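Here's the structure, in structure tokens; my notes come after.
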Amino acid sequence: MDSNEDIAPIAILMDELRSEDVQLRLNAIHRISTIALALGPERARDELIPFLQDSVDDEDEVLLALAEELGRNFEEYIGGPEYAHVLLGPLENLSAVEETLVRDKAAESITKVSSVLSQAQIEQYYIPLLQRLSRGEWFTSRTSSCALYAPVYDKVAAPIQDDLRRGFAALAADDTPMVRRAAAKWLAPLVKKYTKAHVLSDGLAVYRKLQADDQDSVRLLTVEDLIAIAQQLSPAEVKEQLLKQIRQTMTDKSWRVRYMAASHFNELAEVVGTELVREELINHFVQLLKDNEAEVRTAAAGQVPGFSKLLEKEVVLARIVPCVRDLCQDVSQHVRAALANQISGLAPLLGKDATIEHLLPLFLHLLKDEFPEVRLNIISKLELVNSVIGIELLSESLLPAIVELAEDKSWRVRQAIIEYIPLLATQLGKPFFDESLGNLCMSWLGDNVYSIREAAAVNLKKLTEVFGVEWSKEQIVPKVVGMGQHPNYLYRMTTVQAIMTIAPSLTLEVIRDNILDMLIQLASDPIPNIRFNVAKALEITATSLGDTPEGVQLVQQKIAPVLEALKNDQDADVRFFSSRALQKAHALEA
């Protein structure tokens, strides 16, 4: 092999990386693993990595791709884990660039590389890198360094752990808010690796400093740190060490901090112990449910059943239910929607009598809400209520709500309610369903939006599985077949598609006696789209009949001749689908 060929891969890469065209440079970066493979481990270490280390002056998307590629087990191309530390060089440079996405990806890749490093490699190469980034002149490198403490903390000797804790504390006290924000974000994973003594001596001090920061963007990130520290301490220690901070966080002047507190409320309640929940947290929870910002109320409403599980039934009735009652009348539709999604979770906690007395009026009120999402959310979670009080008490209000949603002008709302129909069918039972919702389910097949017609066909299939083939034969099949005579071709098309969907759930007798003749008649429809869909439907029907001798016989007698005729159709699509279906039919005979 002459030396020119030897140089080729790296030379081509260098040329492409210097190209004016960003796309070429991007493609080159995505191929660096192939180039490393061509160069072999030694040359990849000696030539490729130094070259990549110098090419940090590029478009952000190219740098992002580079940071990502180096984290994809790239050590395999340079000689395995014992050389993995070589990758830290280019990644260190990428950790200090201006674009946040690139820095985050570089930090993520450094973390991946650290997982294959030995303790000696970490102490010799990783720790110095971490110290350089932590003391960097620009805030960018200091921000990136915050993410790199936790992955290696438990892999190094005790004296180095002491240094790491001091280094992280210095970052938490940095002058730049972006660095303190990163420290607040990465304190939780680090604290989880501290011993309890170090949580009390170091972790708490860092957390308290960040929790009292003058920037709300820093304070809101400390909610997860609070939970991580509380997990490490006993309930008594939480009360002694963290009570002041819990109170400050819950009543923070910034709504964004209160929003984070409300979003993570249940996680906190589970780790602080029952005494604190009763003495402190319940009052804070009630305040969050009454907060003057809708976003905070929405987040708190989402935590209602989870938090109520930690309380006695009497306390839920006395403290939580009155707030829930107010939230049902809330001015913000998002608060009502969040509540509607969660309120049914209270039913199993309160039991039948209390649910009927206190929650039923609220369910009925929310079922009449003007905002479709609120009604949908209530209907989607009816199972829980049904299991406690039965569906009869709700059915009178349920029907108008379902009908209204079924006729909503937004097709997405109509589609969502269709998806809940099989679930409602199981709860309402056959007679009630036939009387009230049967016609509604058929009317969707004639909707002017295709997605609704498609969902309606799937819905009929699920209902067949819920109520059985006999019910389907009486209630669904005649109506579907009747639509096949409709003068509008879209209705005839829907018939074919509905048959395609429900055929696998039906028996041979129903297909033979009720459905096949209609399909065969539509095979000579003047519209080619219908004819090729008939071919597809016959293919599906043949496949579902093919597991019994009678089924195979029916395919030979009735289905194969129709497909033979369609195979000579003047339309190319019809010929294609009928030939394909015919092959399937012959395969069954064979």
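Every residue gets a Cβ built from N, Cα and C, even glycine.
The repeat 'HEAT' annotation in TrEMBL covers 87-125 (among others). Within the model, the repeat 'HEAT' (87-125) carries an average pLDDT of 84.
Summarising the annotation, TrEMBL assigns repeat 'HEAT' to 242-280 (among others). Within the chain carrying the repeat 'HEAT' (242-280), a Cβ under 8 angstroms from the stretch's Cβ atoms is held by residues 204, 207-208, 211-212, 216-217, 219-224, 226-227, 229-231, 233-236, 287-288, 291, 293, 295-296, 299-300, 302-303, 306-307, 310-311, 315, all 6 or more beyond its ends.
According to TrEMBL, the repeat 'HEAT' annotation covers 281-319 (among others).
For the repeat 'HEAT' (320-358), DSSP puts the residue distribution at 35 helix, 0 strand, 4 coil. Per TrEMBL, repeat 'HEAT' is recorded for 320-358 (among others).
For 359-397 (among others), the entry in TrEMBL reads repeat 'HEAT'.
Summarising the annotation, TrEMBL assigns repeat 'HEAT' to 398-436 (among others). Sequence-distant contacts of the repeat 'HEAT' (398-436) (same chain, six or more residues past either end, CB-CB distance under 8 Å): 367-368, 372-373, 375-376, 378-380, 382-383, 386, 391, 443-444, 447, 449, 451-452, 455-456, 459, 462-463, 465-467, 471, 475.
Outside the repeat 'HEAT' (515-548) by six or more residues, the chain places 477, 481, 484, 489, 492-493, 495-497, 499-500, 503-504, 506, 508, 554-555, 558-559, 562-563, 565-566, 569, 571, 573-574, 576-578, 580-581, 584-585, 588 with a CB less than 8 A from a CB of the stretch. According to TrEMBL, the feature repeat 'HEAT' maps to 515-548 (among others).
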Chain residues outside the repeat 'HEAT' (320-358) and at least six past its termini with a C-beta under 8 angstroms from it: 285-286, 289-290, 294-295, 297-299, 301-309, 311, 313, 365-366, 369, 371, 373-375, 377-378, 380-385, 387-389, 393
Long-range environment of the repeat 'HEAT' (281-319) - Cβ separation under 8 angstroms, sequence gap at least 6: 246-247, 250-251, 255, 258-259, 261-263, 265-266, 268-270, 272, 274, 326-327, 330-332, 334-335, 338-339, 341-343, 345-346, 349-351, 354, 358
